[in-house]
């Protein structure tokens, strides 16, 4: 009799496993169909030259529609085998062992549900399955997006505006974080006074909210800029700020979480705890930066004869940078960003022509799919996430604080930067940068990573609305804003960059600050020849006494590339003089 019972139990278990497999396949199919529908609609929009809605906003709309269907139109029949038993415990254990007739079964914690949802366990399970683990975003979807941002960076315009970009990304993000945090704390105090606050909400929570919504992601605006060929300096300022301030926002949010004053009250102000958090910020950022640069420098590939293996090794080294930084206690976002920038500057020159093209297309594809997947998922979670907390006062205060925080970032810093810039940041550029401060993938990923408390749930729900508004309204109005501010479009950056190596070097030296001129000379004369096959051979830049060492460190390909550049430079110079005669 016992054997028959065990056999029946095994059959039931196998059936449940098969049903779960089918449900998981259907859930993934939903996202694949969402991406497919988004791609087809993008093609239609590009064919019709429709610029009022970008692909990311479109992916969010499709996600919203599917979320509505999953939440309200599809109901799973309740399982008669589900049994609800009550027992009083003081805490919610992560793992529970249940003794059923001498057999022990292990159950894992999936989350809290309200008393009104006890009878809808099956529906909750379906919605929970289309809600991914937040670590999926950080370890799988974010790395290709961040790496592509660094790998595809237009370095000439980026470094020409590097001082301004660093000011916006570091000083501006910190200023925005504290402005938003202070305003939201006032909003929370108002909610507490009128009885609209349903749980604990501390000043550190307000600062954390300020840090995550200070991360800008103007992917919609930049795509339109690229299509319309907007001024390269404006593009570099926006793109550079968004790339770096994502990294700053991640480290800043982790530093705020690490703020731990001594004593019983962990939410009071204490100078030593604040200094410790500041030290953590500097330590984590510098450590992540060093790790990313080091990994990018050591990514040497000697597999030029096998482009497929070379591309695979390059891809794995790039992704492992993110995971290595996270495993070491640093921030993978910062590490993989600077790894991408370093590999684009050095390792890219050592790749075979086939691998150069493959790596660019590979990371562009992964960035496109990951970004649209995240925006589709944003729309979906508005209806499938079970613990939303929407508070009208907090939402209105958040929109006002985000606007004022962005203004405090752009306008005062632009005024100070223009005091020392040769090429001023014009008022219409400043208005465009203010308008283009969209929130996107990074803000969403930081907010969904922890939704355990009342404060974090309210932040997540409000963050979704902020992202929706900025992507749809600000992203959709980019073309009209460009026309309103009379910003020039149709700038041919390729023609602008068609200069010889020597002219480019001279212009870069003239346009950069003294520190970057020194760095450029050191990089051009020593680092690039040492780490790549480009640049002058070390035999031409090292002192005569170091001749044997220079010959040992210079590869044969470096001499070939040097001769090729000299020959092409002579051709360009001759053609320029010949054209000037007519």
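The backbone N, Cα and C atoms fix where each Cβ goes, glycine too.
Among the ranges 102-131, 192-221, 222-251, 312-341, the one that TrEMBL lists as transmembrane segment is 312-341. Transmembrane segment is the annotation TrEMBL gives to one range among 254-278, 354-378, 454-478, and that range is 454-478. The transmembrane segment annotation in TrEMBL falls on one of the ranges 28-45, 82-99, namely 28-45. Outside the transmembrane segment (312-341) by six or more residues, the chain places 138-139, 142-144, 146-151, 153, 155, 243-244, 246-247, 250-251, 254, 284-285, 287-289, 291-293, 295-296, 299, 301, 303, 347, 351, 355, 359, 362-363, 442 with a CB less than 8 A from a CB of the stretch. Contact between the transmembrane segment (429-448) and the transmembrane segment (28-45) is not supported: fewer than 3 Cβ pairs lie under 8 Å, counting only residues 6 or more apart in sequence.
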